[in-house]
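Okay, so here's the structure we're looking at.
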Ligand SMILES: Nc1ncnc2c1ncn2[C@@H]1O[C@H](COP(=O)(O)OP(=O)(O)OP(=O)(O)O)[C@@H](O)[C@H]1O
Ligand SMILES: Nc1ncnc2c1ncn2[C@@H]1O[C@H](COP(=O)(O)OP(=O)(O)OP(=O)(O)O)[C@@H](O)[C@H]1O
Ligand SMILES: [Mg+2]
Ligand SMILES: [Mg+2]
């Protein structure tokens, strides 16, 4: 297994003043696997993702990507190395079409972003790649819709399409199913199921059904600290996890 | 297509042909030619501001700094009693302003929102006070440009800058080029990233763009064009004064811009014409023109929610809809 | 009229887009009502229309028999309504403590069942974050705060829009427990949530929206017998 | 008679800080031309008024409009030196007459002098130069000078220094305050510690009010005499109140000046406009007199610019400030008076210099 | 500079800073806390000074005049908010720029129509007209000390209200999410009307208080406006403490720059601001 680790953290810490949002976390993420992260609210999951994509700088510790420490590079360089992410709150270009949203992503790869004169509409190839990304998440029929006019679930799909359009090696997803109806959730679950065959995915989610169904590896965090990592079944039966996170029994009254 | 909106195309077809013919109607009256020239020059200035504010989301209250620099750089660089070449100095002034903008941009663009407004203002005020207090450049009284540049290219002289009509056409041409340039820039692949940054900088960074560089380049380009406008303004009457650099110049440009319609590029021309036109009319009509000017501005904010350009666009679209 | 809330044929629009097409339902005092529907069917818009955050083009809202359609939002809220908005509505420049202080008040009847301390005891997580600003909380913490902020107004009608969104399972249970408790004290609640099992056991009435229209309006028993149909409306 | 009116373009600030000055100047101008309406050989006067807003960058445009659009015969203005520069740029050597009713910038009748440019007010040099001698006469050896850091101020200080230092006085410190700053406290503290024999300042308008009040409030006035160019106490006395008492200034005019023209002028101005006249009204008035006399001399035909300039050059203006004539550079050769503020008025103490002519350095005319 | 002069200048700097804070206090409230970009703030300062002059002429009493001026300013504030500002809360910040620049024009025109363009002055009220000897031959006017104390009182009161009271929390909350405040059962628009009016009143009161130690001239507001923004921004938006510290720093920088680098002194506060913002891009005390 060791050989296909693409991202690792070593003793990663993030302190907000006195608060240890993340304390000494060492994890390894493997290629072509979906790594679920769960934990109570405020456990530091979003903080972790924010550091893995360069949005926050770690207080201490290392992030190692394909064997190279990247803790000190600029935020935008994370994406350039193939680390793509979606945000906890939908984060798209609301005033542009879905296609245009993806084009922005593709253009970074294709170059030409410093071209002052070449029309942005002149490159067929760019459009094609963007369309492919939309197809991948099942949004092809919304290609020319303005992003603010599609439904919430579709917006989340679009966000994933944008990340895919940057051809990442690694996807960091923060609660992609939040606020989504059953049907839409199912769509995303199916999507992730296919995507994890190609990418390494780190998924933070409170929807237990989804996370149990999808995860190859599952990490539980509590109060900034690592609790357990293991397969879904291992984690599910772990007494500490039940106490700290899942609680006893079902969520039904 | 470069001009997508109907209002925009209509404007292009009405304004430029009219502007082209204007001097023929005004032949007997040099003043109007001069006045229109000033409006063209101001439009270039306001347009460059529109690119910054409306397209890049970089609100500055220090754009007048470059307007003034355009003038002062000429005074500083050009020998006092010798006609220099217009094109060469255009290049010098734009290049030096761009270099200055690059340095200032490196500092200024680290902040955003109101903080950026204030820090750009700070730099503009510094230059304002520098030239206001300078002995060499006439202090608050300003300086004269005694000899205007000549405009030959390879010995072929097309314009005579001392001839108001020639100068008018030069400015009109500059305005047209600026408009076209910005339009192309906005539509370009670079423009796509700039759009993205304005709407959602966080997302754009997460896609792997170094947004600082794009902002910086936009800032540099707009500043250089602002300086070019200032250079033209200086040449028009051959007079430079620190008030070109004052924050009220920036503020007035902002007013023209908002009036015209932010982010529409051609709205800059509409805004400038409206503002200057109102100013001119009211001033000739009553000594208390400020009262009416203020009242009209307030009225326009209430009525034209997206500026005059936005109003036109809505009007034409509504007609199309029916 | 014994109904706490009566909504009569509300039509609401955003600009030109017609979102609600004549919504009507009512809520008896003390009842808990769930509002269900897929994404974008108009649940949030319905709630906002009740609160006056969206002005309906036509239709009316009665609260305790009084027509409140033309009242301002704050006047409606003054009648002991509390709202937990979708997206949490944090104040970025207020601390957690201030969020609760600024909202705290007794109900018009002078009831003060919920106060600062009780909220903190319910969500101990917030206790450690009292001096954090609203936007410096984790997603779930924000949600807790939003609920707490609604509770300290000691409402008679509590409106929750996806209030368990982003909460960990344990906390979610906690919230449902809280709602059960306040239900017992006679507080009415309108809940928008996607967990149909919980809603089923918790709510007295169920309203299902499809494309801005009420397609089903069921009592708890009726829901049992029509579950399949409801689920098909929700796409479960 | 020529049925076409004589067009007088008026380029003054009617709004903003200098608005009051513009207003008074215009009133004086109109009053003079009204009084002499009968001697203009039937020519009507048409005024075209433009608000400069004291904005130098607008000056060329407005001057241009008066020149080319209105085709004014005379352009009267401005108050502000920066605006004067912008105007001169457009009007120098053109076929209109520019008459400056206030702006003192030395260059206007110095390096930039031109046949068609006249000034009825003063050069910055004129009112300040005589004060140097007077300071010495009164026994002041060490003086601090102070003004805003702009042309008018610096030229005034230089003129004072010229005569003061050549007579053996010493300038112990020269303080230039950035224009238009009016926070003087720190400078006054400095003056208080240096304790010179006297202080010579140039300030005008609002700045003058603020300075004089602060100077008094800091307790300096009774200990270190305050001298100034006359603008310090011109149009500001009411606002300065008792703080101004005892201040000595030199200027080419003083309200209570005892001559029949002045008495009549002040009376008529008061009845015409319902408020007391001031220096700026006088300067406007004299501008009117000058225009009237030239028109009269040419029997109403002002079409020949050469003749017009000749007529203007040789005019003797019988002004409320006392009669004056024009130097070769077209600047008044006039008396300068020493005044002291007593009971809220600039009382004339004595003649500080009679028929003082600006050296017009740099004028090649 | 010897030590006595240094101390005198220190006092001058603090005194100037306090006055600056007073003038900027209304802006801190309206712009910093409520987030409304009111460029006409300086105009209200000017209006305050002119009103003070006018009523001192007619009543002879400074205190009475101050009171009447404050009330009038409050009314102006209410009217302006109700009729104009209110329409713009949902719109772009830049529209507020345009609107308030329009208001500057109107106020300037009205000032010129009502009171003319001559510089005016208000005498220091009798009771405060004394001076106390400071050092050497320099005296310090009692009125300036009174002004300093007044500024400190205003600062303390504002700090208390904004940071410690429910009212203050509501005002701040309103800046971040108006709708949500209304959902707490608070009439946010009335609250905002009142707070805006108080902001306007503070500007006018600053004009009144400053009238005896300044000259009342057209355009006096525009000069001070920028300084006010500098103060608010250096301190950090929305922070009363920040504005207070910012004002004192600007006062000190300006005073010492005047003495040490007189030619560049006007520039110095801008250099200072640029410096602060480069080190702390959100101002000194931003949250
Ligand atoms: N900017 C900040 N300043 C101070 N504390 C912060 C900041 N951002 C987050 N925190 C704190 O750090 C802790 C971890 O937050 P994080 O957002 O990572 O939690 P999370 O695991 O994503 O929780 P959730 O599931 O609720 O989203 C929280 O307790 C939060 O209050
Ligand atoms: N501000 C707005 N402007 C225009 N359209 C809007 C706006 N808000 C919502 N809509 C549209 O109105 C419809 C109903 O939205 P609403 O938010 O009420 O749905 P919902 O049932 O709450 O969905 P969800 O489960 O996703 O929260 C949607 O189609 C949405 O796109
Ligand atoms: Mg999170
Ligand atoms: Mg919703």
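Each residue, glycine too, has its Cβ placed from N, Cα and C.
The structure displayed is predicted, hence computed values, not measured ones.
Among the features that TrEMBL reports, transmembrane segment is placed at B:7-26 (among others).
Residues 19, 22-23, 26, 58-60, 63, 67, 164-165, 167-168, 171-172, 174-175, 178-179, 182, 185-186, 218-219, 221-223, 225-226, 228-230, 232-233, 236, 253-254, 256-257, 260, 262-265, 267-269, 271-273, 276, 280 of the same chain lie 6+ residues outside the transmembrane segment (B:32-52) yet bring a C-beta within less than 8 angstroms of a C-beta in it. Positions annotated as transmembrane segment by TrEMBL: B:32-52 (among others).
Annotation comment: TrEMBL describes B:64-81 (among others) as transmembrane segment. Non-local neighbours of the transmembrane segment (B:64-81) in the same chain are 45, 89, 92-93, 96-97, 100-101, 120, 123-124, 127-128, 131, 137, 143, 145-147, 149, 223-224, 226-235, 240, 242, 244-247, 249-250, 253; each lies 6+ residues outside the stretch with a CB under 8 Å from one of its CB atoms.
Per TrEMBL, the feature transmembrane segment maps to B:87-109 (among others).
Sequence annotations record features per position, and here TrEMBL assigns transmembrane segment to B:114-131 (among others). Outside the transmembrane segment (B:114-131), and at least 6 residues removed from its termini, the chain residues within Cβ reach (under 8 Å) are 58-65, 68-69, 72, 104, 107-108, 137, 139, 242, 245-247, 250.
Taken from TrEMBL, the feature transmembrane segment applies to B:167-186 (among others).
Beyond its flanks by at least six residues, the transmembrane segment (B:207-233) meets 38, 41-42, 44-45, 47-49, 51-52, 55-56, 58, 63, 66-71, 73-74, 89-90, 93-95, 97-98, 100-102, 105-106, 108-109, 170-171, 174, 178, 181, 185, 190, 193-194, 196-197, 201, 244 of its own chain at Cβ-Cβ distances under 8 Å. As annotated by TrEMBL, transmembrane segment applies to B:207-233 (among others).
Sequence-distant contacts of the transmembrane segment (B:253-278) (same chain, at least 6 residues past either end, Cβ-Cβ under 8 Å): 8, 11-12, 15, 35, 38-39, 42-43, 45-47, 49-51, 53-55, 61, 63-64, 67, 175, 179, 182-183, 186, 293, 296-297, 300-301, 304, 306-313. Taken from TrEMBL, the feature transmembrane segment covers B:253-278 (among others).
According to TrEMBL, the transmembrane segment annotation covers B:290-312 (among others).
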Beyond the flanks of the transmembrane segment (B:7-26) by 6 or more, those residues with Cβ under 8 Å of it: 32-33, 36, 40, 165, 168-169, 172, 176, 264, 266, 269-270, 309, 312-313, 315-316
